[in-house]
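Engineer: Mind having a look at this structure? Questions to follow.
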Ligand SMILES: NC(=O)C1=CN([C@@H]2O[C@H](COP(=O)(O)OP(=O)(O)OC[C@H]3O[C@@H](n4cnc5c(N)ncnc54)[C@H](O)[C@@H]3O)[C@@H](O)[C@H]2O)C=CC1
Ligand SMILES: O=C(O)C(=O)[C@H](O)COP(=O)(O)O
(Lines of atoms letter the chains of each structure in order from A and count residues from 1; the text may use other names and numbers.)
(Lines give C-alpha, C1' and ligand atoms only; values in the text may rest on other atoms or scores of the structure.)
(Ligands and ions follow the chains in the order given, each with its own letter.)
Protein backbone atom coordinates (compact mmCIF):
# COMPACT_ATOMS: atom_id res chain seq x y z
CA UNK A 1 0.00 0.00 0.00
CA UNK A 2 1.46 3.37 -1.03
CA UNK A 3 0.89 6.21 1.37
CA UNK A 4 1.36 9.90 0.65
CA UNK A 5 1.31 12.10 3.74
CA UNK A 6 1.71 15.76 4.60
CA UNK A 7 5.25 16.36 5.84
CA UNK A 8 3.79 17.82 9.06
CA UNK A 9 2.06 14.58 10.07
CA UNK A 10 3.79 13.47 13.28
CA UNK A 11 4.56 9.79 13.93
CA UNK A 12 3.31 8.78 10.50
CA UNK A 13 6.23 6.41 9.86
CA UNK A 14 5.84 4.64 13.22
CA UNK A 15 2.08 4.34 12.94
CA UNK A 16 1.72 3.27 9.31
CA UNK A 17 4.94 1.28 8.70
CA UNK A 18 3.23 -2.09 9.30
CA UNK A 19 0.59 -1.53 6.61
CA UNK A 20 2.60 0.38 3.99
CA UNK A 21 5.01 -0.62 1.26
CA UNK A 22 5.95 3.04 0.86
CA UNK A 23 5.37 6.21 2.89
CA UNK A 24 6.22 9.46 1.15
CA UNK A 25 5.90 12.85 2.85
CA UNK A 26 5.44 16.10 0.94
CA UNK A 27 4.49 19.74 1.64
CA UNK A 28 0.68 19.69 1.92
CA UNK A 29 0.00 23.18 0.62
CA UNK A 30 1.61 22.51 -2.77
CA UNK A 31 0.45 18.93 -3.38
CA UNK A 32 -0.11 18.27 -7.11
CA UNK A 33 -2.38 15.81 -8.98
CA UNK A 34 0.73 14.10 -10.41
CA UNK A 35 1.93 13.20 -6.91
CA UNK A 36 -1.28 11.20 -6.38
CA UNK A 37 -1.04 9.08 -9.52
CA UNK A 38 0.01 5.80 -7.86
CA UNK A 39 -1.13 6.45 -4.32
CA UNK A 40 -3.54 4.29 -2.28
CA UNK A 41 -3.78 6.37 0.88
CA UNK A 42 -3.63 10.15 1.20
CA UNK A 43 -3.12 11.73 4.62
CA UNK A 44 -3.58 15.50 4.73
CA UNK A 45 -3.86 18.47 7.06
CA UNK A 46 -6.07 21.55 6.77
CA UNK A 47 -3.85 23.24 4.15
CA UNK A 48 -4.58 20.71 1.39
CA UNK A 49 -7.75 21.27 -0.60
CA UNK A 50 -8.92 17.80 -1.60
CA UNK A 51 -11.15 18.35 -4.64
CA UNK A 52 -11.73 17.12 -8.19
CA UNK A 53 -8.69 19.00 -9.48
CA UNK A 54 -6.32 17.43 -6.96
CA UNK A 55 -7.76 13.94 -7.48
CA UNK A 56 -7.72 14.13 -11.29
CA UNK A 57 -5.01 11.44 -11.57
CA UNK A 58 -5.73 9.57 -8.33
CA UNK A 59 -7.11 6.45 -9.97
CA UNK A 60 -5.73 4.15 -7.27
CA UNK A 61 -6.82 6.14 -4.23
CA UNK A 62 -8.80 4.16 -1.65
CA UNK A 63 -8.61 6.28 1.49
CA UNK A 64 -8.30 9.97 2.36
CA UNK A 65 -7.69 10.98 5.95
CA UNK A 66 -7.36 14.44 7.43
CA UNK A 67 -5.67 14.67 10.83
CA UNK A 68 -7.88 17.61 11.72
CA UNK A 69 -11.19 18.43 13.34
CA UNK A 70 -12.29 20.79 10.57
CA UNK A 71 -13.26 19.28 7.21
CA UNK A 72 -14.02 22.39 5.14
CA UNK A 73 -11.00 21.64 2.89
CA UNK A 74 -12.39 18.26 1.79
CA UNK A 75 -14.95 17.65 -0.96
CA UNK A 76 -16.69 14.81 0.87
CA UNK A 77 -19.49 14.26 -1.70
CA UNK A 78 -16.77 13.75 -4.35
CA UNK A 79 -15.02 11.12 -2.21
CA UNK A 80 -18.33 9.37 -1.65
CA UNK A 81 -19.14 9.44 -5.34
CA UNK A 82 -15.72 7.95 -6.16
CA UNK A 83 -16.07 5.38 -3.36
CA UNK A 84 -12.95 6.62 -1.63
CA UNK A 85 -13.18 6.03 2.11
CA UNK A 86 -12.78 9.14 4.25
CA UNK A 87 -11.92 9.89 7.87
CA UNK A 88 -11.23 13.00 9.88
CA UNK A 89 -10.05 13.17 13.49
CA UNK A 90 -12.94 14.67 15.47
CA UNK A 91 -11.89 15.88 18.90
CA UNK A 92 -8.19 15.04 18.37
CA UNK A 93 -6.92 18.48 19.34
CA UNK A 94 -9.95 19.85 21.22
CA UNK A 95 -8.18 19.74 24.62
CA UNK A 96 -5.28 21.69 23.12
CA UNK A 97 -7.61 24.43 21.90
CA UNK A 98 -9.21 24.65 25.35
CA UNK A 99 -5.73 24.96 26.95
CA UNK A 100 -4.89 27.73 24.47
CA UNK A 101 -8.10 29.64 25.27
CA UNK A 102 -7.47 29.33 29.00
CA UNK A 103 -3.91 30.58 28.51
CA UNK A 104 -5.08 33.48 26.35
CA UNK A 105 -7.73 34.53 28.89
CA UNK A 106 -5.36 34.28 31.85
CA UNK A 107 -2.78 36.31 29.93
CA UNK A 108 -5.40 38.99 29.25
CA UNK A 109 -6.22 39.13 32.97
CA UNK A 110 -2.54 39.48 33.77
CA UNK A 111 -2.87 41.97 36.63
CA UNK A 112 -5.69 40.22 38.42
CA UNK A 113 -6.32 36.67 37.17
CA UNK A 114 -8.96 36.08 39.87
CA UNK A 115 -11.15 38.69 38.13
CA UNK A 116 -11.56 36.23 35.25
CA UNK A 117 -13.93 34.25 37.49
CA UNK A 118 -16.34 37.21 37.41
CA UNK A 119 -16.41 37.47 33.60
CA UNK A 120 -19.53 36.47 31.66
CA UNK A 121 -18.49 34.20 28.80
CA UNK A 122 -20.35 33.13 25.66
CA UNK A 123 -19.17 30.09 23.73
CA UNK A 124 -20.34 30.10 20.10
CA UNK A 125 -20.25 26.55 18.75
CA UNK A 126 -20.33 23.99 21.55
CA UNK A 127 -19.06 20.80 19.94
CA UNK A 128 -15.86 18.96 20.80
CA UNK A 129 -13.95 22.18 21.44
CA UNK A 130 -16.67 24.54 22.68
CA UNK A 131 -18.35 21.85 24.80
CA UNK A 132 -15.09 21.04 26.60
CA UNK A 133 -14.33 24.73 26.98
CA UNK A 134 -17.75 25.35 28.54
CA UNK A 135 -17.20 22.49 31.00
CA UNK A 136 -13.69 23.69 31.93
CA UNK A 137 -14.70 27.34 32.42
CA UNK A 138 -17.75 26.39 34.48
CA UNK A 139 -15.55 24.12 36.63
CA UNK A 140 -13.49 27.24 37.35
CA UNK A 141 -16.63 29.09 38.44
CA UNK A 142 -17.24 31.25 35.35
CA UNK A 143 -20.78 31.92 34.09
CA UNK A 144 -20.95 30.54 30.56
CA UNK A 145 -23.76 30.82 28.03
CA UNK A 146 -23.78 28.78 24.87
CA UNK A 147 -24.84 29.69 21.33
CA UNK A 148 -25.25 26.63 19.17
CA UNK A 149 -28.53 26.64 17.22
CA UNK A 150 -27.95 23.28 15.45
CA UNK A 151 -27.26 21.57 18.77
CA UNK A 152 -30.11 23.40 20.48
CA UNK A 153 -32.58 22.39 17.79
CA UNK A 154 -31.45 18.77 17.76
CA UNK A 155 -31.51 18.69 21.61
CA UNK A 156 -28.02 17.21 21.44
CA UNK A 157 -26.18 16.71 24.74
CA UNK A 158 -22.50 17.68 24.91
CA UNK A 159 -19.58 15.23 24.71
CA UNK A 160 -20.12 14.29 28.38
CA UNK A 161 -23.80 13.55 27.78
CA UNK A 162 -24.93 16.71 29.57
CA UNK A 163 -27.84 18.75 28.18
CA UNK A 164 -27.01 22.45 27.93
CA UNK A 165 -29.15 24.61 30.24
CA UNK A 166 -28.02 27.99 28.87
CA UNK A 167 -28.56 28.19 25.10
CA UNK A 168 -28.72 31.77 23.83
CA UNK A 169 -29.03 33.47 20.45
CA UNK A 170 -26.02 34.93 18.64
CA UNK A 171 -27.32 38.41 19.54
CA UNK A 172 -27.43 37.54 23.21
CA UNK A 173 -24.01 35.89 23.09
CA UNK A 174 -22.59 39.26 22.10
CA UNK A 175 -23.69 40.78 25.43
CA UNK A 176 -20.97 38.74 27.18
CA UNK A 177 -17.61 40.10 28.39
CA UNK A 178 -15.81 37.32 26.53
CA UNK A 179 -17.04 35.63 23.34
CA UNK A 180 -15.16 32.51 22.20
CA UNK A 181 -15.91 31.28 18.70
CA UNK A 182 -15.48 27.57 17.91
CA UNK A 183 -17.76 26.83 14.97
CA UNK A 184 -16.79 25.04 11.77
CA UNK A 185 -16.66 26.99 8.51
CA UNK A 186 -19.79 26.24 6.47
CA UNK A 187 -21.47 27.93 3.50
CA UNK A 188 -24.66 25.86 3.35
CA UNK A 189 -27.30 24.41 5.65
CA UNK A 190 -29.66 26.18 8.04
CA UNK A 191 -26.90 27.94 9.98
CA UNK A 192 -24.01 28.73 7.61
CA UNK A 193 -21.08 30.28 9.46
CA UNK A 194 -19.46 32.08 6.49
CA UNK A 195 -19.04 35.70 7.70
CA UNK A 196 -21.68 34.95 10.36
CA UNK A 197 -20.24 37.51 12.78
CA UNK A 198 -20.70 41.05 11.47
CA UNK A 199 -19.10 44.37 12.43
CA UNK A 200 -22.47 45.45 13.88
CA UNK A 201 -22.63 42.39 16.10
CA UNK A 202 -19.07 42.97 17.33
CA UNK A 203 -19.94 46.56 18.16
CA UNK A 204 -22.74 45.40 20.45
CA UNK A 205 -20.16 43.91 22.81
CA UNK A 206 -19.78 45.58 26.22
CA UNK A 207 -16.90 47.95 26.96
CA UNK A 208 -13.46 46.26 26.76
CA UNK A 209 -15.07 42.96 25.80
CA UNK A 210 -12.84 40.27 24.35
CA UNK A 211 -13.61 38.41 21.14
CA UNK A 212 -11.59 35.23 20.56
CA UNK A 213 -11.69 33.20 17.36
CA UNK A 214 -10.01 29.79 17.32
CA UNK A 215 -12.53 28.16 14.94
CA UNK A 216 -12.09 29.21 11.32
CA UNK A 217 -11.11 32.63 9.99
CA UNK A 218 -13.95 32.74 7.46
CA UNK A 219 -16.58 32.96 10.23
CA UNK A 220 -15.81 36.68 10.53
CA UNK A 221 -14.26 38.74 7.75
CA UNK A 222 -11.12 40.77 8.33
CA UNK A 223 -13.08 43.79 7.07
CA UNK A 224 -15.69 43.32 9.81
CA UNK A 225 -13.03 42.94 12.52
CA UNK A 226 -11.18 46.02 11.26
CA UNK A 227 -14.36 48.11 11.01
CA UNK A 228 -15.52 47.08 14.49
CA UNK A 229 -12.19 47.82 16.17
CA UNK A 230 -11.88 51.14 14.31
CA UNK A 231 -15.28 52.17 15.71
CA UNK A 232 -14.62 50.54 19.08
CA UNK A 233 -10.88 50.64 19.90
CA UNK A 234 -11.68 49.30 23.37
CA UNK A 235 -12.59 45.87 21.94
CA UNK A 236 -9.95 43.20 22.47
CA UNK A 237 -9.36 40.69 19.67
CA UNK A 238 -7.61 37.38 20.27
CA UNK A 239 -7.21 35.71 16.89
CA UNK A 240 -5.70 32.34 16.09
CA UNK A 241 -7.45 31.96 12.72
CA UNK A 242 -7.61 34.46 9.89
CA UNK A 243 -9.55 35.41 6.80
CA UNK A 244 -7.70 34.62 4.60
CA UNK A 245 -4.90 32.26 5.57
CA UNK A 246 -1.99 32.21 5.05
CA UNK A 247 -1.93 35.76 3.60
CA UNK A 248 -3.62 37.60 6.43
CA UNK A 249 -3.82 41.40 6.52
CA UNK A 250 -1.11 42.73 8.84
CA UNK A 251 -3.39 45.66 9.74
CA UNK A 252 -5.64 43.20 11.54
CA UNK A 253 -2.74 41.64 13.42
CA UNK A 254 -1.80 45.16 14.58
CA UNK A 255 -5.33 45.59 15.98
CA UNK A 256 -5.35 42.26 17.83
CA UNK A 257 -4.26 42.19 21.48
CA UNK A 258 -3.10 38.66 20.75
CA UNK A 259 -2.51 37.01 17.40
CA UNK A 260 -1.21 33.54 16.63
CA UNK A 261 -0.96 31.53 13.42
CA UNK A 262 -3.55 28.76 13.67
CA UNK A 263 -1.78 26.85 16.41
CA UNK A 264 -4.48 26.75 19.10
CA UNK A 265 -4.84 23.00 18.66
CA UNK A 266 -1.11 22.28 18.35
CA UNK A 267 -0.52 20.31 21.53
CA UNK A 268 1.86 17.38 21.10
CA UNK A 269 -0.92 15.02 22.18
CA UNK A 270 -3.45 16.58 19.79
CA UNK A 271 -1.19 16.25 16.78
CA UNK A 272 -0.16 12.66 17.51
CA UNK A 273 -3.76 11.75 18.36
CA UNK A 274 -4.81 13.06 14.94
CA UNK A 275 -2.40 10.71 13.12
CA UNK A 276 -3.35 7.82 15.39
CA UNK A 277 -7.07 8.35 14.71
CA UNK A 278 -6.37 8.13 10.97
CA UNK A 279 -4.46 4.89 11.46
CA UNK A 280 -7.43 3.50 13.42
CA UNK A 281 -9.87 4.67 10.74
CA UNK A 282 -7.74 3.13 7.96
CA UNK A 283 -7.77 -0.19 9.79
CA UNK A 284 -11.56 -0.09 10.14
CA UNK A 285 -12.33 1.06 6.59
CA UNK A 286 -9.86 -1.21 4.76
CA UNK A 287 -10.05 -4.15 7.16
CA UNK A 288 -6.44 -3.94 8.32
CA UNK A 289 -4.89 -4.73 11.73
CA UNK A 290 -5.47 -1.95 14.27
CA UNK A 291 -2.50 0.14 15.51
CA UNK A 292 -0.62 -1.29 18.48
CA UNK A 293 0.66 2.04 19.77
CA UNK A 294 -1.20 4.53 21.94
CA UNK A 295 -0.71 8.30 22.27
CA UNK A 296 1.42 7.85 25.41
CA UNK A 297 3.74 5.41 23.56
CA UNK A 298 4.52 8.12 21.03
CA UNK A 299 5.38 10.94 23.44
CA UNK A 300 7.92 11.32 26.24
CA UNK A 301 6.65 11.57 29.84
CA UNK A 302 6.17 15.09 31.18
CA UNK A 303 8.24 16.24 34.18
CA UNK A 304 6.28 17.72 37.11
CA UNK A 305 5.54 21.41 36.85
CA UNK A 306 7.56 23.74 39.11
CA UNK A 307 5.45 26.42 40.71
CA UNK A 308 6.72 29.32 42.78
CA UNK A 309 3.96 29.57 45.38
CA UNK A 310 5.91 32.23 47.36
CA UNK A 311 5.91 34.55 44.35
CA UNK A 312 2.12 34.35 44.26
CA UNK A 313 1.75 35.75 47.82
CA UNK A 314 -0.24 33.94 50.50
CA UNK A 315 -2.36 36.69 51.99
CA UNK A 316 -5.53 35.85 50.02
CA UNK A 317 -6.00 32.16 49.23
CA UNK A 318 -8.35 32.68 46.29
CA UNK A 319 -6.27 35.42 44.66
CA UNK A 320 -3.13 33.35 45.27
CA UNK A 321 -4.73 30.27 43.74
CA UNK A 322 -5.61 32.20 40.57
CA UNK A 323 -2.09 33.61 40.35
CA UNK A 324 -0.69 30.11 40.63
CA UNK A 325 -3.11 28.90 38.00
CA UNK A 326 -2.00 31.69 35.68
CA UNK A 327 1.65 30.83 36.32
CA UNK A 328 0.98 27.13 35.71
CA UNK A 329 -1.09 27.48 32.53
CA UNK A 330 1.28 30.00 30.94
CA UNK A 331 4.28 27.75 31.63
CA UNK A 332 2.61 24.96 29.67
CA UNK A 333 0.77 26.88 26.99
CA UNK A 334 2.16 30.35 26.33
CA UNK A 335 -0.01 32.29 23.87
CA UNK A 336 1.86 35.52 24.69
CA UNK A 337 5.15 33.99 23.58
CA UNK A 338 3.37 32.46 20.57
CA UNK A 339 2.00 35.91 19.73
CA UNK A 340 5.45 37.54 19.94
CA UNK A 341 7.01 34.87 17.70
CA UNK A 342 4.15 35.19 15.21
CA UNK A 343 4.46 38.96 14.90
CA UNK A 344 8.24 38.69 14.57
CA UNK A 345 7.94 36.01 11.87
CA UNK A 346 5.47 38.02 9.76
CA UNK A 347 7.30 41.33 10.16
CA UNK A 348 10.64 39.80 9.18
CA UNK A 349 9.58 39.21 5.55
CA UNK A 350 8.24 41.32 2.66
CA UNK A 351 4.47 41.13 2.01
CA UNK A 352 4.95 38.68 -0.87
CA UNK A 353 6.54 36.11 1.47
CA UNK A 354 4.11 36.50 4.37
CA UNK A 355 2.16 33.36 3.46
CA UNK A 356 5.34 31.29 3.51
CA UNK A 357 6.30 32.84 6.84
CA UNK A 358 2.87 31.87 8.22
CA UNK A 359 3.35 28.24 7.16
CA UNK A 360 6.94 28.18 8.42
CA UNK A 361 5.82 29.52 11.83
CA UNK A 362 3.30 26.68 12.12
CA UNK A 363 5.82 24.06 11.01
CA UNK A 364 8.46 25.29 13.46
CA UNK A 365 5.88 25.53 16.22
CA UNK A 366 4.79 21.96 15.73
CA UNK A 367 8.33 20.62 15.50
CA UNK A 368 10.04 22.62 18.24
CA UNK A 369 7.45 23.84 20.76
CA UNK A 370 6.81 20.74 22.80
CA UNK A 371 3.45 21.94 24.11
CA UNK A 372 1.78 19.31 26.23
CA UNK A 373 -1.86 19.17 27.29
CA UNK A 374 -2.64 20.32 30.83
CA UNK A 375 -4.05 16.88 31.59
CA UNK A 376 -0.60 15.33 30.92
CA UNK A 377 1.25 17.74 33.20
CA UNK A 378 1.80 16.49 36.77
CA UNK A 379 1.56 19.05 39.56
CA UNK A 380 2.75 18.14 43.07
CA UNK A 381 0.16 18.97 45.68
CA UNK A 382 2.83 19.49 48.37
CA UNK A 383 3.43 23.19 49.02
CA UNK A 384 0.09 24.24 47.51
CA UNK A 385 -2.88 25.46 49.51
CA UNK A 386 -6.03 23.32 49.27
CA UNK A 387 -7.65 26.17 47.30
CA UNK A 388 -4.80 26.29 44.78
CA UNK A 389 -4.61 22.51 44.37
CA UNK A 390 -8.36 22.37 43.80
CA UNK A 391 -8.31 25.20 41.25
CA UNK A 392 -5.41 23.61 39.31
CA UNK A 393 -7.28 20.31 39.30
CA UNK A 394 -10.46 21.98 38.03
CA UNK A 395 -8.43 23.70 35.30
CA UNK A 396 -7.41 20.28 34.03
CA UNK A 397 -3.95 19.64 35.53
CA UNK A 398 -3.01 16.22 36.86
CA UNK A 399 -2.64 17.19 40.54
CA UNK A 400 -0.90 14.48 42.63
CA UNK A 401 -0.72 14.22 46.39
N1 LIG B 1 -7.50 26.92 15.66
C2 LIG B 1 -7.26 25.63 15.71
O3 LIG B 1 -6.13 25.21 15.87
C4 LIG B 1 -8.38 24.67 15.56
C5 LIG B 1 -9.56 25.02 14.97
N6 LIG B 1 -10.61 24.13 14.89
C7 LIG B 1 -11.85 24.57 14.28
O8 LIG B 1 -12.85 24.57 15.30
C9 LIG B 1 -14.05 24.04 14.75
C10 LIG B 1 -14.88 23.42 15.84
O11 LIG B 1 -14.28 22.21 16.27
P12 LIG B 1 -15.14 21.09 17.01
O13 LIG B 1 -15.70 21.66 18.26
O14 LIG B 1 -14.31 19.90 17.13
O15 LIG B 1 -16.27 20.81 15.97
P16 LIG B 1 -17.66 20.09 16.25
O17 LIG B 1 -18.22 19.73 14.93
O18 LIG B 1 -17.51 19.06 17.30
O19 LIG B 1 -18.53 21.29 16.88
C20 LIG B 1 -18.92 22.40 16.15
C21 LIG B 1 -20.15 22.96 16.83
O22 LIG B 1 -20.50 24.17 16.15
C23 LIG B 1 -21.90 24.18 16.06
N24 LIG B 1 -22.33 25.09 15.00
C25 LIG B 1 -22.42 24.85 13.67
N26 LIG B 1 -22.92 25.93 13.05
C27 LIG B 1 -23.14 26.87 14.00
C28 LIG B 1 -23.64 28.20 13.98
N29 LIG B 1 -24.03 28.79 12.85
N30 LIG B 1 -23.73 28.87 15.14
C31 LIG B 1 -23.35 28.31 16.31
N32 LIG B 1 -22.88 27.03 16.39
C33 LIG B 1 -22.76 26.34 15.25
C34 LIG B 1 -22.29 22.73 15.80
O35 LIG B 1 -23.65 22.49 16.09
C36 LIG B 1 -21.35 22.01 16.73
O37 LIG B 1 -21.89 21.79 18.00
C38 LIG B 1 -13.57 23.02 13.70
O39 LIG B 1 -14.55 22.86 12.68
C40 LIG B 1 -12.33 23.66 13.16
O41 LIG B 1 -12.67 24.40 12.03
C42 LIG B 1 -10.50 22.89 15.43
C43 LIG B 1 -9.33 22.49 16.03
C44 LIG B 1 -8.15 23.32 16.09
O1 LIG C 1 -8.15 20.35 13.47
C2 LIG C 1 -8.41 21.40 12.88
O3 LIG C 1 -9.48 21.62 12.29
C4 LIG C 1 -7.43 22.49 12.87
O5 LIG C 1 -7.72 23.61 12.63
C6 LIG C 1 -6.02 22.09 13.10
O7 LIG C 1 -5.41 22.72 14.15
C8 LIG C 1 -5.36 22.41 11.81
O9 LIG C 1 -4.05 22.05 11.81
P10 LIG C 1 -3.33 21.79 10.42
O11 LIG C 1 -3.98 20.62 9.82
O12 LIG C 1 -3.50 22.98 9.56
O13 LIG C 1 -1.93 21.52 10.80
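Going from the start of the chain as shown, residues are counted 1 onward.
Glycine is treated like the rest: Cβ placed from N, Cα and C.
A TrEMBL annotation is a machine prediction, not a hand-curated record.
I grabbed these lines from TrEMBL:
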- 216: active site (ACT_SITE)
- 245: active site (ACT_SITE)
- 262: active site, proton donor (ACT_SITE)
- 46, 68, 266: substrate binding site (BINDING)
- 148, 183, 240, 265: NAD(+) binding site (BINDING)
- 14-273: domain 'D-isomer specific 2-hydroxyacid dehydrogenase catalytic' (DOMAIN)
- 115-264: domain 'D-isomer specific 2-hydroxyacid dehydrogenase NAD-binding' (DOMAIN)
- 322-387: domain 'Erythronate-4-phosphate dehydrogenase dimerisation' (DOMAIN)
Engineer: For the domain 'D-isomer specific 2-hydroxyacid dehydrogenase catalytic' (14-273), provide the mean pLDDT of the predicted model.
Structural biologist: 97
Engineer: Are any of the recorded positions 46, 216, 245, 265 near ligand 2, with a Cβ under 6 Å from it, and if so which?
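Structural biologist: Near the molecule: 46, 265.
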Engineer: Drop a 10 Å sphere on every Cβ of the recorded positions 148, 240, 245 and tell me which sphere holds the fewest other Cβ atoms.
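Structural biologist: Counting other Cβ atoms within 10 Å of each of the recorded positions 148, 240, 245, the minimum falls on 245.
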Engineer: Are there residues of the same chain, six or more positions away from residue 46 (substrate binding site), whose CB falls under 8 angstroms from its CB, and which are they?
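Structural biologist: Listed in sequence order, they are 66, 68, 70, 73, 262.
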Engineer: Under a criterion of Cβ-Cβ distance under 8 Å and sequence separation of at least 6, what residues of the same chain contact residue 265 (NAD(+) binding site)?
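Structural biologist: Non-local contacts for residue 265 (NAD(+) binding site): 69, 92, 93, 94, 96, 97, 100, 214.
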Engineer: How many Å separate the two farthest-apart Cα atoms among the NAD(+)-binding residues 148, 183, 240, 265?
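Structural biologist: The span, Cα to Cα at its widest, is 21 Å.
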Engineer: Enumerate same-chain residues with a sequence separation of six or more from residue 266 (substrate binding site) and a Cβ-Cβ distance below 8 A; give 'none' if the list is empty.
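Structural biologist: In sequence order, the residues whose Cβ lies under 8 Å from that of residue 266 (substrate binding site) (at least 6 apart) are 93, 96, 362, 365, 366, 369, 371.
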Engineer: Out of 46, 148, 216, 240, 265, which recorded positions lie by ligand 1, with a C-beta less than 6 Å from some atom of it?
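Structural biologist: Checked recorded positions vs ligand 1; flagged 148, 216, 240, 265.
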